[in-house]
Amino acid sequence: MSRVSQARNLGKYFLLIDNMLVVLGFFVVFPLISIRFVDQMGWAAVMVGIALGLRQFIQQGLGIFGGAIADRFGAKPMIVTGMLMRAAGFATMGIAHEPWLLWFSCLLSGLGGTLFDPPRSALVVKLIRPQQRGRFFSLLMMQDSAGAVIGALLGSWLLQYDFRLVCATGAVLFVLCAAFNAWLLPAWKLSTVRTPVREGMTRVMRDKRFVTYVLTLAGYYMLAVQVMLMLPIMVNDVAGAPSAVKWMYAIEACLSLTLLYPIARWSEKHFRLEHRLMAGLLIMSLSMMPVGMVSGLQQLFTLICLFYIGSIIAEPARETLSASLADARARGSYMGFSRLGLAIGGAIGYIGGGWLFDLGKSAHQPELPWMMLGIIGIFTFLALGWQFSQKRAARRLLERDA
């Protein structure tokens, strides 16, 4: 085995272990934020939505800067520093009794993610061969689902005692992850050339096709982020107990572990990436619309199952499509910018979703936020369809001219 192949194989195992630690640390804390501050402390959902949206926007919106800096200085220092900042954010969250302190803790957490998330994504693109990326992204998603359940179960159990224990556990896991990277991650370069920060950012901004695709995905993310805000609140309201939230993540884990990899393997042989992304988004959108009308836990979990199936179909295709569009000369910058759709959609989804949830509750129209999210998903589906048809038309024109 050549040294390059050996490095790739070792890199795969490193990425999987690193991802599990990050997912555990995140899901111990974040699914329980809405339960803690909305249900236990009586805050308005929009206040918590602002906190979650701030974290999302900071982490993903500034991702291009984190990626560009990593292109220049390498992945290791950015990842280690970012994970320590995330740990500090969780520690601060444990003592938050005022909205401004919760917002500050989410700001710290988001800045940490800005530093470590783009270089970690770029390492996947660097180490995994193009023809294997779809399957590897599916493995990461399966791991995400299992880690989400374990983290949510652990967090729910700790929440019975004290929310500070929840946050302390998340902080410790990120400190361990920082130590793991500091000890074992080689000083790998992310890009084929040592790209200056400004040049990497400029290269991305000139790629109009990539920019349009990323911004359109904001609508997709407005739906996706509700697993952290409105879906846990809805499950808690219908079940009457916060412990039911863990079953929501258990459903995701079961579906992901049984369906994600087989669906990815089968669909990559029969369907284009664009079609898989659009089909998944359509299922997610249609499953969102009736959520506000259900009154039983069984009906709610059925709709959540459909939503997760849509995500299982769409997410590996979205990741693979984003990676395939990235320029190898500025991988960090591209993978950082690819998070901008998540920044915009996540922020609007959290803040707007929280506001609509409060509005629907006060107006006795609980279906309002869910119908709006479904409509946004349908419009995003149509916008992506138009973009992909334009791209195919341009490709046919080039082939004819040749």
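Each residue, glycine too, has its Cβ placed from N, Cα and C.
The annotation topological domain 'Cytoplasmic' is assigned in Swiss-Prot to 1-12 (among others) on the grounds of sequence analysis.
Note on the transmembrane segment (13-33): residues 48, 51-52, 83, 86, 90, 93, 102, 120, 123-124, 127, 139-140, 143-144, 147-148, 150-152, 154-156, 158-159, 163, 166-167, 169-171, 173-174, 176-177, 180-181, 184-185, 227-228, 232, 242, 245, 249 of its chain, located 6 or more positions outside it, place their CB under 8 angstroms from a CB of the stretch. Annotated transmembrane segment per Swiss-Prot: 13-33 (among others), in sequence order, evidence recorded as sequence analysis.
Here Swiss-Prot flags 34-98 (among others) as topological domain 'Periplasmic', drawing on sequence analysis. Across the topological domain 'Periplasmic' (34-98), mean pLDDT in this model comes to 83.
As annotated by Swiss-Prot, transmembrane segment applies to 99-116 (among others), with the evidence given as sequence analysis. Tertiary proximity for the transmembrane segment (99-116) is limited to same-chain residues at least six positions away from its ends with a CB under 8 Å from its CB atoms, namely 33, 37, 43, 47-48, 50-52, 54-60, 62-63, 65-66, 69, 78-90, 92-93, 174.
The topological domain 'Cytoplasmic' annotation in Swiss-Prot covers 117-138 (among others), and the record cites sequence analysis as its basis.
The transmembrane segment annotation in Swiss-Prot covers 139-159 (among others).
The feature topological domain 'Periplasmic' is assigned by Swiss-Prot to 160-164 (among others). DSSP places the residues of the topological domain 'Periplasmic' (160-164) in helix, strand and coil in these numbers: 2 helix, 0 strand, 3 coil.
Taken from Swiss-Prot, the feature transmembrane segment covers 165-185 (among others), and the record attributes it to sequence analysis. Panel annotation: around the transmembrane segment (165-185), residues 14, 17-18, 21-22, 24-26, 28-29, 32, 36, 75-76, 79-80, 83-84, 86-88, 90-91, 93-94, 112, 154-155, 158-159 of the same chain, lying at least six beyond its termini, place a Cβ under 8 Å from a Cβ of the stretch.
According to Swiss-Prot, the feature topological domain 'Cytoplasmic' maps to 186-213 (among others), an assignment based on sequence analysis.
Note on the transmembrane segment (214-234): residues 30-31, 33-35, 38-39, 45, 48-49, 52, 56, 245, 248, 252, 281, 284-285, 288, 291, 300, 304, 307, 311, 314, 318, 322, 337-338, 340-342, 344-346, 348-350, 352-354, 357, 369-370, 373, 376-377, 379-380, 383-384, 387 of its chain, located 6 or more positions outside it, place their CB under 8 angstroms from a CB of the stretch. Annotation source Swiss-Prot lists transmembrane segment at 214-234 (among others).
The topological domain 'Periplasmic' annotation in Swiss-Prot covers 235-243 (among others) and is backed by sequence analysis.
Taking Cβ pairs closer than 8 Å, the transmembrane segment (244-264) reaches residues 27, 31-32, 35, 134-135, 137-139, 141-142, 144-146, 148-149, 152-153, 156, 227, 231-232, 235-236, 238, 297, 301, 304-305, 308-309, 312-313, 316 in its own chain, all 6 or more past its ends. The transmembrane segment feature in Swiss-Prot is assigned to 244-264 (among others).
Below 8 angstroms of C-beta separation, residues 134-135, 138, 313-314, 316-317, 320-321, 324, 384, 388 of the same chain, each at least six residues beyond the ends of the topological domain 'Cytoplasmic' (265-276), sit close to that stretch. The topological domain 'Cytoplasmic' annotation in Swiss-Prot covers 265-276 (among others).
The feature transmembrane segment is assigned by Swiss-Prot to 277-297 (among others), with sequence analysis given as support. Beyond its flanks by at least six residues, the transmembrane segment (277-297) meets 220, 223-224, 226, 231, 234-235, 238-239, 244, 271, 303-304, 306-307, 309-315, 317-318, 321, 360, 365-371, 373-378, 380-381, 384-385, 388 of its own chain at Cβ-Cβ distances under 8 Å.
Residues or ranges marked as transmembrane segment in Swiss-Prot: 300-320 (among others).
Annotation source Swiss-Prot lists topological domain 'Cytoplasmic' at 321-339 (among others).
A Cβ distance under 8 Å defines the sequence-distant neighbours of the topological domain 'Periplasmic' (235-243), meaning residues of its chain 6+ beyond its ends; these are 32, 35, 39-40, 156, 159, 294-297, 300, 304.
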